[in-house]
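Right, one structure below, let's go through it.
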Amino acid sequence: MASYKPVVVPAVPRLGEKVTQDTLYWQGYKTPVQIKEFGAVNKIDFSPVPPYNYAVTASSRVHIYGRYSQEPIKTFSRFKDAAYCATYRDDGQLLVAGSEEGSIRLFDISGKAPLRQFDGHTKAVHVVGFLADKYRIFSGGDDYSSNLWDIPSATEIVSYTEHTDYVRCGCASKLNGDVFITGSYDHTVKVFDARAKSSVMTIEHGHPVESVLLFPSGGLLVSAGGRYVKVWDVLKGGQLLVSLKNHHKTVTCLCLNSSGQRLLSGSLDRHVKIYSTTSYKVVHSFNYATSILSLALSPEDETIVVGMTNGVLNVKHRKPEESKEKSQKKRQPAYRTYVKGRNYMPKQEDFFVSKPGKCVLRKYDKLLKGFQSSKALDAVLEPHIRLYTPEVTVAVMQELNRRGTLRSALAGRDEKQISLLLTFVTRRVIEPRFTPILVTVADMITDIYQPVLGQSAVVDKQFLRLQEAIGREIDYQEELLEVLGMMDALFATLTKKKATYLEENKSNGLTKTLDQDTCN
């Protein structure tokens, strides 16, 4: 009897993530630290001066965290209702925050009680910040107004009422101490100059604006709202440069890295996208557990902090750079008895006796060797195999199909096992490397368990999911065929027919013949 040959798992090529310099750079963070807040985190702001503490606004409190602290080192809780948008001044000494009751409070980092309180808004103040001159504060609220305040006198300088809906985001120019920008749910972004009585520029975003960001140079403005992130050229009167649509839910926050060469956007789709500011293409992305409301990056990109709707603060620190020159101890030479004869070369008169290597079979190979088809299929449906090495599961299914025992291996299963099989098939049938055999498996499962349909809600739901997955793939293939037909027609119109050598000489030969006849 011939010896058993183990199942050969084919090495099917699959697309992997392209490893770039950005991939290596943004993957260089440690395992995240999770900090639970009292409510949804609506704002995170890093202090611009060392030691780069960061302020987290959640519920009715503003917590100050150290770079590596998991507990707040300071708390401002003098709010009657929810607090919003706690922001540092450029020198890191003052902190300003809005509130649900419509007042604005100014705090000294070294104290607890508010230094100033600005009252003038009639509804919640969702956006506050300092102008570049450090002595004025801008604000925007749900009363549709954008106000400017004087810090020393705690009085209102000017109030703009040009927005027609809630003002929910804003930023100030770092170069001009009189310019600030606000974004509103009326789909507009307005640029204000404190020296003018009205806005100096209005930009139509097209969706309720959730976040705005001004580049350090002051020439480019980024607005986020709906699924779109749009970049505008302020120096050209608000000309649209590029519109990015890489999220599939509302974009809620924007951030620039320390060098200004990468733009980060967070969204309710649980993703943080990182764009290159030269090509505006996505160079990397992060995935999170729930929807993202706020995002901040520390100076030198050492820490990235993300606030989510469930009140969890996700903090990632960059791994320390390991020294390249590591002192490696030289390996001591082995005992002579271990190396004796290792380099011996056999002579012509010697007889070489080879020791047969022992072939260790895997669990599914042992079961296949014993003709236990159903148990072999169960062995490759274990979580660590079907999730991380699905090619092994598909290879065993293909071997069972070759033997003609696949149908018997699929039959006689309970509700839980059928659901597991259908989940695997639904997830993997659309992959081209697995489609041929998994289509056969899906047909067999349908034929075997069709008489028991309607007896289990779980199994019925899995069959519907399989139908939807196959239907989506068929629609996708039809669209691809349509595009292929369009491209073929386009290429056919672009191709020019070149005259052959015989066609070129044909007319010349006819001309020569006519000339000779005329001479005769």
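Residue positions begin at 1 at the first shown residue.
Any Cβ shown, glycine's included, is placed from N, Cα and C.
Because TrEMBL annotations are produced automatically, they should be read as predictions rather than curated entries.
Annotated features in TrEMBL:
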{"type": "REPEAT", "residues": "118-159", "note": "repeat 'WD'"}
{"type": "REPEAT", "residues": "244-285", "note": "repeat 'WD'"}
{"type": "DOMAIN", "residues": "343-490", "note": "domain 'U3 small nucleolar RNA-associated protein 15 C-terminal'"}
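Sequence-remote contacts of a segment are chain residues at least 6 beyond its ends whose Cβ falls under 8 Å from one of its Cβ atoms, and for the repeat 'WD' (118-159) they are 82, 84-85, 87, 89-91, 94, 96-106, 165-178, 180, 182, 184, 190, 192, 194, 197. For the repeat 'WD' (118-159), the number of residues in each DSSP class (helix H, G, I; strand E, B; coil) is 0 helix, 24 strand, 18 coil. Within the model, the repeat 'WD' (118-159) shows a mean pLDDT value of 92, rounded to a whole number.
The residues of the domain 'U3 small nucleolar RNA-associated protein 15 C-terminal' (343-490), classed with DSSP into helix (H, G, I), strand (E, B) and coil, number 103 helix, 0 strand, 45 coil.
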